[in-house]
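**Q** Pasting a structure here, questions to come.
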Amino acid sequence: MRTSYLLLFTLCLLLSEMASGDNFLTGLGHRSDHYICVRSGGQCLYSACPIYTKIQGTCYHGKAKCCK
């Protein structure tokens with residue numbers, strides 16, 4: 001009986017982690033916007049992009065700009 005409670009508790013923890021979506025999707029190959037920006041040669045900035053760079057996208061779920 002104690003084993004079944006332990007398995008149920010583990011399942012609940014696993015499902016609660018999957019409910020957030022971010023970590024679960026990243027683990028399945030969906031990359032975050034920060035990763036895509038840096039991988040393409042950009043940098044994530046909360047302030048305005050420096051001179052001679054353009055906004056190429058967003059970072060941190062749209063809270064910052066990807067400058068390249």
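Heads up, the Cβ atoms here are built off N, Cα and C, so glycines get one too.
Below, the features straight out of Swiss-Prot:
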type     : residues    : note
DISULFID : Cys37-Cys66 : disulfide bond
DISULFID : Cys44-Cys59 : disulfide bond
DISULFID : Cys49-Cys67 : disulfide bond
SIGNAL   : 1-21        : signal peptide
**Q** Return only the integer: C-alpha distance in Å from Cys44 (disulfide bond) to Cys66 (disulfide bond).
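**A** Just about 5 Å between their Cα atoms.
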**Q** Same-chain residues six or more away whose CB lies under 8 A from the CB of Cys37 (disulfide bond)?
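**A** In sequence order, Gln43, Cys44, Gln56, Gly57, Cys59, Cys66, Lys68 meet the Cβ cut-off.
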**Q** What are the sequence-distant neighbours of Cys67 (disulfide bond), meaning same chain, six or more residues apart, C-beta distance under 8 angstroms?
**A** Gly42, Gln43, Cys44, Leu45, Cys49, Pro50, Thr53, Lys54, Ile55, Gln56
**Q** What does DSSP assign Cys37 (disulfide bond), in three states?
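**A** SS state of Cys37 (disulfide bond) = helix.
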